[in-house]
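Pulled from TrEMBL:
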| type | residues | note |
| --- | --- | --- |
| BINDING | HIS16, ASP27, ALA28, GLY29, GLY30, MET31, ASN32, LYS85, TYR118, THR142, ARG162 | 1D-myo-inositol 3-phosphate binding site |
| BINDING | GLN22, PRO23, GLY30, ARG236, LYS241, VAL302, GLU324, GLU332 | UDP-N-acetyl-alpha-D-glucosamine binding site |
| BINDING | TYR311, ARG312, ALA314, THR338 | Mg(2+) binding site |
| DOMAIN | 29-204 | domain 'Glycosyltransferase subfamily 4-like N-terminal' |
| DOMAIN | 216-388 | domain 'Glycosyl transferase family 1' |
Amino acid sequence: MPVAQDPRRVAMISVHTSPLEQPGTGDAGGMNVYVAETARELAARGVEVDIFTRRTSSETPVEAELVPGVRVRHVTAGPYEGLAKEDLPGQLCAFSAGIMQAGLSVPEDHYDLVHSHYWLSGQVGWLAADRWRVALVHTMHTMARVKNRHLATGDAPEPRGREIGEVQVVEAADRLIANTDDEARELIELYDAPPSTVSVVPPGVDLSTFTPGDRGAARRELGLPPDGEVLLFVGRIQPLKAPDVLLRVAGELLVRDPALRARLTVAVVGGPSGSGLSRPHELEELARTLGIEDVVRFVRPVDRARLAQWYRAADLVLVPSHSESFGLVAVEAQACGTPVVAARVGGLPTAVGDAGVLVDGHATADWATAVDGLLRDAPRRLELGAAAVAHAARFGWGATTDRLLTVYRQAMRERASGTAEPSVDEPLALAGVPTAVIP
Ligand code: UDP
């Protein structure tokens with residue numbers, strides 16, 4: 001049962017992507033997982049959640065139940081198919097109107113709080129929270145001004161319209177959720193967010209699905225050789241995620257040690273996304289150019305249980321992103337006991353902790369040296385794998401949701417009293433996870 005000051009019903013807004021979609025391709029990624037997992041956890045605590053998302057197919061029902069207590073409500077805004085994320089700013093009015101109509105069918109005080117995800121949803125949440133006279137809690141997930149500082153070659157800068165929209169959402173939100181201290185600092189320094197409105201809530205990992213397991217069994221299930229080295233990339237395939245680094249590393253390792261070719265498997269699990277959609281075969285072409293197509297496997301996005309098998313089967317998971325607000329893949333891999341080699345950017349140092357290896361920059365030689373060193377050092381991999389499991393255990397979605405509820409309660413109290421409270425400062429029982437809100 002919810003405690004007295006908990007919200008009874010929360011309206012979550014996720015305009016551009018539905019929690020029902022398979023993550024790992026197109027616009028579906030960590031945000032879908034975040035929305036679905038926190039909604040489930042809220043429902044388990046007795047808080048009803050309606051998730052509003054855009055209808056993208058005539059087959060999609062108007063409403064679907066994710067789990068008891070969590071409804072996904074599909075709002076018609078523009079043509080179902082063929083709209084890119086970049087087209088959606090033109091549909092925000094239609095989407096907002098759809099939400100207002102949905103709101104008409106329920107009592108005026110139906111929702112106690114709006115939680116919007118990504119700036120497009122923040123624009124809609126701003127209006128919805130205002131009309132329903134409730135607090136708006138917003139999570140950015142990614143920010144244009146941060147992305148534009150870390151652009152990968154081939155990625156177009158985020159448009160100014162997005163930046164302006166984000167600034168408006170920062171001003172309109174009662175509370176902003178940052179994944180890490182770094183993200184909190186970016187909100188304050190790059191978006192002028194009042195520090196007292198920013199709360200740090202680390203995302204989570206499904207610790208019942210992502211568990212250590214039998215590597216041999218995982219490799220058998222996936223048709224991988226029982227011996228030999230397996231390097232893995234998981235995620236949406238676009239320049240920002242830098243899957244090319246994995247291929248270039250493999251090419252470099254094979255130059256350094258041609259005998260490795262008989263033992264090496266490089267797997268890329270995920271589908272094209274963002275600017276990668278216009279060049280869906282770029283990675284295959286790169287593999288051919290590097291002369292490594294015989295060792296590379298491209299795998300379409302898989303469900304969570306199968307993904308756990310991929311993590312277990314791998315010797316190392318590479319997360320070479322140019323920009324990453326957190327990096328769920330890194331924590332999931334670690335929860336399965338597989339060491340991670342990650343770029344030292346954004347939230348990845350928090351996600352990886354001391355249990356993996358962080359690489360500065362994206363130079364192939366640096367990455368190849370880090371990977372090579374670990375591949376040749378089985379005891380170190382074992383040691384890191386054990387540390388990885390312990391580190392990931394700090395990131396359950398239950399802890400994330402408890403922390404979110406603290407922020408929700410605070411936002412509701414502030415609305416009711418009309419006075420701002422100091423930042424959420426309850427210490428998280430997650431030693432080592434930075435949670436302090438920047439003063
Ligand atoms: N994912 C998945 N199946 C796949 C590939 C990825 O379920 O085949 C999920 C992955 O488990 C992770 C999410 O997609 O939870 C990606 O989140 P991350 O934070 O790493 O990146 P984002 O997509 O948010 O940029």
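Using the three backbone atoms N, Cα and C, a Cβ is placed for every residue, glycine included.
A map of TrEMBL features onto the structure.
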| residue | record | Cβ neighbours (10 Å) |
| --- | --- | --- |
| GLN22 | UDP-N-acetyl-alpha-D-glucosamine binding site | 14 |
| TYR118 | 1D-myo-inositol 3-phosphate binding site | 25 |
| ARG162 | 1D-myo-inositol 3-phosphate binding site | 20 |
| LYS241 | UDP-N-acetyl-alpha-D-glucosamine binding site | 27 |
| VAL302 | UDP-N-acetyl-alpha-D-glucosamine binding site | 18 |
| TYR311 | Mg(2+) binding site | 25 |
| ARG312 | Mg(2+) binding site | 23 |
| GLU324 | UDP-N-acetyl-alpha-D-glucosamine binding site | 28 |
| GLU332 | UDP-N-acetyl-alpha-D-glucosamine binding site | 28 |
| THR338 | Mg(2+) binding site | 27 |
Using C-alpha positions only, work out which of the binding-site residues PRO23, TYR311, GLU332, THR338 is nearest to GLY30 (1D-myo-inositol 3-phosphate binding site).
PRO23
Which binding-site residues from the set PRO23, ASN32, ARG236, LYS241, VAL302, GLU332 have a C-beta atom lying less than 6 Å away from ligand 1?
PRO23, ARG236, VAL302, GLU332
Could you tell me which three-state DSSP class THR338 (Mg(2+) binding site) falls into?
coil
Confidence summary for the domain 'Glycosyltransferase subfamily 4-like N-terminal' (29-204), mean pLDDT rounded:
95
Whole-number answer please: how many Å between the C-alpha atoms of ALA28 (1D-myo-inositol 3-phosphate binding site) and GLN22 (UDP-N-acetyl-alpha-D-glucosamine binding site)?
7
Using C-alpha atoms, which one of the binding-site residues HIS16, ALA314, THR338 comes nearest to ARG236 (UDP-N-acetyl-alpha-D-glucosamine binding site)?
HIS16
In the three-state scheme derived from DSSP, which category covers HIS16 (1D-myo-inositol 3-phosphate binding site)?
coil
Taking the Cα of PRO23 (UDP-N-acetyl-alpha-D-glucosamine binding site) as the centre, which of the binding-site residues listed as HIS16, ASN32, TYR311, ARG312 lie within 10 Å of it?
ASN32
Other than TYR311, ARG312, ALA314, THR338, which residues of the same chain sit close to Mg(2+)? List them in sequence order, counting a residue when its Cβ is within 8 Å of the Cβ centroid of the site.
ARG215, ALA218, LEU232, ALA308, GLN309, TRP310, ALA313, VAL317, ALA333, CYS336, GLY337
For ASN32 (1D-myo-inositol 3-phosphate binding site), the three-state class that DSSP assigns:
helix
